[in-house]
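According to Swiss-Prot, the protein has these features:
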ACT_SITE  CYS2  active site, nucleophile
ACT_SITE  LYS616  active site, for Fru-6P isomerization activity
DOMAIN    2-223  domain 'Glutamine amidotransferase type-2'
DOMAIN    289-436  domain 'SIS 1'
DOMAIN    470-611  domain 'SIS 2'
Amino acid sequence: MCGIIGYVGEGSCRDVLINGLDKLSYRGYDSAGIAFIKNSKINVVRSKGRIEKLKEKINDNFQKFEIGNIGIGHTRWATHGEPTEINAHPHLDAEGQFAVVQNGVIENYVQLKNYLTVNGTYFLSDTDAEVIPHLIAYKQKHLKLQIVEAILCALSELKGNFSTVIIARDMPDSIFVYQNKTALTLGKGSNFYSVSSDPIALIPYTKNFIQLHDRELGIISISQLAIYNKGKFTYPSRRFKANLNDLITNKASFDSYTLKEIHDQKKVLRNLIISTLQSEKSIDESGQLHLEYKKIKNFQIIACGSSFNAALVGKVILEKLIRIPVHVYYGSEFKTNLPPLLPCTLTIAVSQSGETGDMLSAIEIEKSRRKFQNTVYKPYLLSITNKNYSSITKKTAQSIDLKAGIEIGVAATKTFTAQTLSFYLLALKLAEHKFTLRKKEINKHLDEIRNLPKAIAHLLIKDESSIKWLSKQLKEISKCFYIGKGLNLGSALEGALKLKEISYIHCDGYAAGEIKHGPIALVENNTLIITITDPEQSQESTFASSQEAKARGAVLLAITHIEDSSIYQTFDFIIKIPKISQICASITSSVSLQLFAYYMAYYKGNDIDKPRNLAKSVTVE
């Protein structure tokens with residue numbers, strides 16, 4: 001739950017580190033720092049708060065030429081210890097021999113810290129990361145090891161999913177990089193090597209990337225990468241190129257990345273449709289999927305956060321179009337509450353970042369428990385992610401690339417709708433192979449899908465100003481419930497999550513019929529009830545649930561494309577969405593709810609791109 005950057009090259013590392021930290025800031029952070037080697041000394045600069053404070057501190061204390069050609073940087077999201085300067089990375093050992101940045105969690109740090117403390121080590125911070133430099137220094141001193149040996153010895157004692165980058169005072173031309181189930185990417189340029197937890201930090205400087213493997217120690221210098229694994233050094237040539245167009249972004253004329261990304265959706269979904277639909281009336285394999293369609297008898301979807309809500313919509317779509325059971329599980333729950341092992345099951349792992357810690361663990365467990373089973377229990381693994389170079393794509397046999405471009409805003413917007421559309425396209429592809437829909441029916445669905453970007457564009461042009469006005473009227477609301485049925489339940493849960501994330505208003509989402517089974521006890525004057533409704537989802541009972549809340553003082557807001565006088569008689573406010581098919585309407589409804597949440601947060605003066613206490617990429621379990 002942090003960002004890592006490292007650089008060793010011919011010029012000063014200052015700009016690479018600072019610019020890299022800036023680009024990593026979208027992942028969420030509460031403090032930042034850098035360490036660099038100059039004149040046989042490791043210098044560390046850290047600060048709490050925004051990276052601008054760190055820049056000021058660096059500029060106040062060092063001229064650019066005073067910052068050497070090797071350094072590491074870090075944006076921290078507090079998991080162990082409060083968000084303070086003393087807890088910020090990088091961390092040093094007592095003698096200043098080693099500086100370390102770390103991402104992830106060291107599970108046995110308490111035991112190691114106690115052991116080192118008993119043996120005379122004094123710790124300054126409350127973090128798990130500070131154990132690493134002290135342990136390396138201890139091993140080097142007491143076991144009389146060389147630097148590389150001491151680092152390897154220390155790393156062998158650390159338990160958990162983490163990555164770490166280390167510089168050593170007495171090896172001022174090398175950076176040590178190590179990962180275990182928390183990814184690091186190396187960048188190769190002209191006369192330099194770099195490392196980061198996300199390629200976005202490296203793209204201004206290189207197009208060539210190298211993925212480190214788990215439990216490998218990489219040593220990078222100006223011109224060379226060496227990998228130490230199983231007792232020997234190798235010099236690998238494995239490389240990949242990231243899609244730079246997907247990684248480069250700016251706010252353009254928008255006030256925030258989040259608002260820009262809401263507006264990006266018409267283009268994102270159009271691109272996803274074009275890349276998936278091969279011709280006018282067929283579904284393209286596009287080289288992405290080669291599933292054994294007819295063998296699939298069950299689905300299980302694993303996801304977290306907004307991806308989980310997209311999975312709930314996906315469940316309804318898949319069951320509706322393919323008529324096969326679909327089970328949806330939280331990634332965080334899957335590993336501790338394993339569901340029954342079902343035969344002929346396609347497991348779909350959904351993750352925006354492709355680096356979610358709970359998701360990666362869940363996939364490993366699913367693969368492991370099916371490994372030695374009868375062939376009917378063979379693991380069919382498919383991922384849906386926005387980063388086709390991420391860890392999740394390496395752990396699944398097949399992957400669907402959302403092609404949404406990088407999403408800077410912490411709250412998911414375009415990736416949520418792209419995930420939902422991906423489920424729809426996947427369902428049609430499976431329906432075509434399993435003959436659960438006639439060709440004519442599939443073509444009708446495809447025609448509706450092709451109209452979706454136009455419907456979203458229409459909504460953004462016609463309705464944004466009215467949604468903005470409505471948000472201003474309702475900004476003092478302190479409690480909110482979202483309700484919907486079927487396809488709209490996932491949209492309701494996602495709408496509630498969006499409002500909660502960026503406006504900090506307490507809200508929850510429920511199945512419309514469930515509000516009377518407990519939640520209505522919380523309804524009082526000025527409680528806002530947002531109802532997502534359409535004629536095909538038991539409109540009358542949804543209206544009845546809304547009216548029951550209104551009788552207890554609630555303010556009612558409807559998201560709908562229904563043209564009916566009963567809507568105006570029942571609801572206090574209405575957000576109209578374009579008339580479109582039921583499945584596509586669940587996506588356009590989500591865009592309306594994103595705009596509503598955005599402007600509620602806007603009128604509260606919140607930092608919408610970086611809401612409090614949230615991180616974009618949750619790499620810890």
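Placement of Cβ uses the backbone N, Cα and C atoms for every residue, glycine included.
Confidence in the domain 'Glutamine amidotransferase type-2' (2-223), given as mean pLDDT, stands at 91. Other Cβ atoms within 10 Å of the Cβ of CYS2 (active site, nucleophile), summed over all protein chains shown, number 29. For the domain 'SIS 1' (289-436), the number of residues in each DSSP class (helix H, G, I; strand E, B; coil) is 68 helix, 28 strand, 52 coil.
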